[in-house]
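J.: Encoded as structure tokens, here's the structure I'll be asking about.
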């Protein structure tokens, strides 16, 4: 039998693009060679002699007789038969095609993820959208790969993975399944390392209030000073400053209360206004005998400042105010924003708390050089009345403790969040006071022994009754008045009880929010230390395993991978149905015998 061999142009090399015909998009040059643009195929083959038929020579038949020359068409080069292309070809073409097609198909290559026995299937390109996460980073997820089952196994919460996988599929949208609690889903977010940004978006979607970022000064020295005086939990020295501040506040409040005791108050009055030793017993007349002679005020006013400075309460108050002033000035000069510092309500309270001291000291200094005038006693009485009102402002120092007390901060946030409910409560009380005070006045109008002389006079009784205090100083005596009083008490109980659950709910919310924030901060520190330790220990083995897997993947063709995926489905179903150790061993044995299944890393 004679075999006709076709002479090949360009040494038998052909340009293949996507499995199509050779020479697609190419033109023939004068020398008979094909010239192709870069987009026409992958690459030109090497110019090598065409492979000879096995056991034959070029131009002779099997019997050794020369063959007649065949007619050639220089314009239309002949192609090899399909069987020759498949059987005899350049291996470089197949490798190039596998590389390009493998790079394109790797993005769409499917991957199996086993979550506590529940299998999920997705594409590698879907996971690669977030390369910094656990599933998106090949080096991170490699430690969970099971080469026998060709899947990644995670012993985690199964319902939560629906939301985790949707995060990759949707491009970053995180939705918690309805049958998963908040804390469990938050743990899954941290385990799969979705990042702080995903956690913040999750908290916002769930209704959590975003934590305000604490601004810090840019200067390093100012930052350290600001942290020491503003955030007691930042360091040991900051806690020491906070303890000193709390002690000074308590001493100031105790002094403010003790100086009003009768024994201390009388002693202070004697120090400030001692009796005049040369005062005559009987009434003295003036020079013209028209009236009594006014007592000399010079000995009383002149030594006023030394006696005030010698007062122990004044010394303690001065010491406390010096500390408050020092603390306020240091915090003001170290704050990151002077405008924000001036608008802060707590800083305004600090200024108001030390303001009365300087007014009192200025008043004492202003009265020191005064002489004995006729109207000076009246001016002193007026100034003392004003000073009493100003000294009352010192009681606001109690609010300085809220800077160092989480409980007071929670209470303040609760009242701030419940302003609408408190406004409704006051509005309902106002309506009830007007209604029941008018009713009790007209019910008691005909009685001579009534305690309600007018409607405004009955306001006090209505407020005391609606709040269920009941002092008893004002009470109705007639039957109609007692009926009105009973209705007033019942209405007061109902009015006050309505907004109380909302206020309690707000308090619980802020309380648990504060406690959860502290627990999360401690958990972050613990997780950070653990991740640092595991990263140092397992970094080398992970890198070596990933390199080995990459080499194994380079030798797997697209057809074999597709066949492995198709052939793995029955085995996976068998594994899901295995309910005993015997069935499990059989399924593993069948999996090991499956030679068409390739390891996919």
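Cβ coordinates come from backbone N, Cα and C, glycine included.
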J.: On the same side of the membrane, residue 224 and residue 410, at least as Swiss-Prot annotates them?
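T.: Taking the topological domain names from Swiss-Prot at face value, residue 224 sits on the side where residue 410 is.
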J.: According to Swiss-Prot, one residue among 179, 288 carries the annotation N-linked glycosylation site; which one is it?
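T.: In Swiss-Prot, 288 carries the N-linked glycosylation site label; others show none in the record.
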J.: In Swiss-Prot, which of 275-297, 298-320, 321-343, 344-366 is labelled region 'Disordered'?
T.: 275-297
J.: Which stretch, out of 412-419, 444-451, 468-475, 516-523, is listed as intramembrane segment by Swiss-Prot?
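T.: Going through 412-419, 444-451, 468-475, 516-523 one by one, Swiss-Prot flags 468-475 as intramembrane segment.
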J.: Going along the chain, which residues six or more apart from residue 335 (S-palmitoyl cysteine) have their CB under 8 A from its CB?
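T.: Result: 217, 226, 230, 341.
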J.: Which of the three DSSP-derived classes (helix, strand, coil) applies to residue 335 (S-palmitoyl cysteine)?
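T.: Reduced to three states, the DSSP call for residue 335 (S-palmitoyl cysteine) is coil.
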